[in-house]
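Straight from TrEMBL, the features:
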REGION    1-39  region 'Disordered'
TRANSMEM  105-126  transmembrane segment
TRANSMEM  147-174  transmembrane segment
TRANSMEM  180-199  transmembrane segment
TRANSMEM  211-232  transmembrane segment
TRANSMEM  252-277  transmembrane segment
TRANSMEM  298-322  transmembrane segment
TRANSMEM  350-370  transmembrane segment
TRANSMEM  390-408  transmembrane segment
TRANSMEM  414-434  transmembrane segment
TRANSMEM  454-475  transmembrane segment
TRANSMEM  481-508  transmembrane segment
Amino acid sequence: MADDRRPLVPNDDLSYSEQVYSPAGADHNSSLPDVSEDGRDNETQVNFEIAPGQVHIPSTSSSGFSFRKLWAFTGPGWLMSIAYLDPGNIESDLTAGAIAKYKLLWVLMWSTVMGLILQLLAARLGCVTGLHLAQVCRQKYPRGPRLALWIMMEIAIIGSDIQEVVGSAIAMNLLSAGKIPIWAGVILTGADTFTFLFLENYGLRKLEGLFCTLITIMAFSFGYMYCTIQPNQGQILQGMWFPWCQNCNKEAIQQAVGIVGAIIMPHNIYLHSALVLSRDIDRKDKDKIKEANMYNAVESAIALFVSFLINLFVTATFAHAFSDTSKYQNPSLSAAGKWIFEKYGLAMKIIWGIGILAAGQSSTMTGTYAGQFVMEGFLDIHWAKWKRVLLTRSIAMGPTIVVALFAHRDLDMLNNWLNVLMSIQLPFALIPILHFTSSESIMGEFKNSRFTKILVWCLATVIIGVNFYLGFTYLEGALPIWGYVLVGIAVLIYVIFVFYLAVGLNNWNKLIERIRTRRSGEREEIVDSVIN
């Protein structure tokens, strides 16, 4: 059984462990990629990877806030925010608007705030330790739980990737007027993901620029629709700031719960903790770590604010234009294009399709990176870049193609079940990040304060409870008796594992030790009584 009190140690086999902050101030050697004197990364001199220390942080004469430094830190937060804008989220937005109009905007807003808090914990873990979450899990958890966590994250990534790839395929089908079928769009999306990922050979900053461009396309596409359709601004403000859903039916309540599940992605926490490592931080200088944490917080907050606005655009647009249930029933990503075309014409349909395509392409690429970091961190494997991309793409594309071929006529139900699937994976990212960022042996003086601990554990409890409710609502009446028996067994195993993670390794070891001590004492008493 691993001990949480055991400090993190450098491991030459881990690609991100060359510079590790130690509470005792230990000096660790660095083998980071070279950077030029003008602060640009010498990416043409090395085999390009998203590796630690590639982007140099410039020095400034003043100790105050620097926009130049903020620009250097800009990138990881925007890549992270793409998970809040994937096709699954867009479908959740439009469904919420069509079913409940503006009444669920407060759920969208506060879900984004909760997501920001968790993303900041992930970024702080990376900045302080020099390791991303999967690598810390590998060092801290025993082999069995570690492999179980890896499997759960791979399942979450596959589920998310199915939504993203199918979303891109729907966009291609829409933009081609049905000439590209869904199954063909799936294959094209998998292929062009390889093409886009080759752009990273031109430099990390250019790759980050590509993702920001895709976010800009989404903002302009959905923002144009928002401005053209002109939703009721007063009802938008009321929906954002009055946390209530008056006269909402069960379907609307389920959608509210679904928003939380769609917004907070488990693998995105792993991804963000790895992306921040690309910035060159002197972890022997505590002031530099504080500075990095501050700029990462500012950048992430800005990125998620933009993602919230884009999600709001979609929700409000469909709340205003397509909330008449007598005309528009069963809202979904596949039906939305037809509705827009019938009501607003071809141009608006093309704009909508471009936005969905940008959402699908960008989130598919970030999902690929999440898969790479998770696999490398948990399994400690380091293959050539093309092998890793091929493996992670194949793991996701195999199930995706099968799903597209056999379930393309019922993609809406599929999306609901995928949201449930990812929801039940959420504790396997939430609990480790909360434990690790609260550990003094891992974070030193940067560990969570008592207030932060209480806040984030309350958030985790709410999020996990909400997602459990989502799962049970979709399972209700959907299975035969033997199916519920199997689900019951799976839920029991699931609850035991979540309890193991929630107790924490240190507390779990103490509990085991107490049980052993008590058993040993009872045996001694029995022996004494027999002798006497």
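Cβ atoms are placed via backbone N, Cα and C, with glycine included.
Curation plays no part in TrEMBL annotations; they are all automatic predictions.
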Among 105-126, 252-277, 350-370, 481-508, stretch most in contact with the transmembrane segment (298-322) (C-beta, under 8 angstroms):
105-126
Please tell me whether the transmembrane segment (350-370) and the transmembrane segment (211-232) touch - that is, whether there are at least 3 C-beta pairs under 8 Å between them, with each pair 6 or more apart in sequence.
yes
If you count every Cβ pair below 8 Å, which range out of 147-174, 414-434, 454-475, 481-508 shares the most with the transmembrane segment (105-126)?
454-475
Quick one: do the transmembrane segment (414-434) and the transmembrane segment (211-232) have at least 3 Cβ pairs under 8 Å, skipping pairs fewer than 6 apart in sequence?
no
Mind checking which residues reach the transmembrane segment (454-475)? Cβ under 8 Å, same chain, six or more beyond either end.
114, 117-118, 121, 250, 254, 257-258, 260-261, 264, 416-417, 419-420, 423-424, 426-427, 430-431, 434, 448, 484, 487, 498
